[in-house]
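Trainee: Dumping the structure here so I can ask a few things about it.
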Amino acid sequence: MNPEYDYLFKLLLIGDSGVGKSCLLLRFADDTYTESYISTIGVDFKIRTIELDGKTIKLQIWDTAGQERFRTITSSYYRGAHGIIVVYDVTDRESYANVKQWLQEIDRYASENVNKLLVGNKSDLTTKKVVDNTTAKEFADSLGIPFLETSAKNATNVEQAFMTMAAEIKKRMGPGAASGGERPNLKIDSTPVKPAGGGCC
């Protein structure tokens with residue numbers, strides 16, 4: 001057992017391009033935000049260690065690094081994930097409609113008992129909102145997964161989203177399943193990607 005942490009959880013952020021996945025990651029891991037974030041900057045993952053119920057949990061949070069623009073993310077990305085956060089943009093109805101497709105990807109590639117969380121991002125853009133909170137909540141409830149609206153821009157519920165996911169995974173794994181000793185093989189893809197403009201509130 002590594003003395004630095006009790007658990008190591010691999011989390012994934014998936015969803016359509018431009019919904020703010022990278023901004024959520026930067027807000028949670030570094031507490032930073034930028035309007036001019038390049039969607040394909042190629043951040044593979046960030047790490048943040050949290051305390052939960054007296055346990056030290058190391059979260060390894062993976063971003064799609066722009067792959068989602070091609071609608072398919074390689075199956076290896078899902079391998080070994082403990083939790084997957086599906087993100088849509090509350091001002092973009094299509095990104096919400098595509099949540100079902102992302103959930104199908106999870107069913108196809110991720111482990112059967114992986115924890116899921118639905119996140120509606122950009123909640124600060126209240127005047128542009130087109131996806132109703134109640135609609136999304138009912139959909140998430142029907143699937144038995146937690147749901148939160150977040151804003152990476154003003155940090156609303158960002159901490160809560162990742163803490164909720166960590167708590168759900170910890171609950172599923174039980175007290176005897178500390179994964180601190182498991183070392184997932186890290187394969188960092190260094191393929192250069194073409195930057196594309198666009199912010200991600």
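Just so you know, the numbers here start at 1 and follow the chain as drawn.
Yeah, the Cβs are placed from backbone N, Cα and C, and that goes for glycine too.
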Trainee: Under Swiss-Prot, which of the candidate ranges 30-45, 110-125, 126-141 is annotated motif 'Switch 1'?
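Mentor: In Swiss-Prot, the motif 'Switch 1' feature sits at 30-45.
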Trainee: I need the least crowded one of these binding-site residues (SER17, GLY20, LYS122, ALA152), counting other C-beta atoms within 10 angstroms of each C-beta.
Mentor: SER17
Trainee: Out of these binding-site residues, CYS23, GLU35, which one has the fewest other C-beta atoms within 10 Å of its own C-beta?
Mentor: GLU35
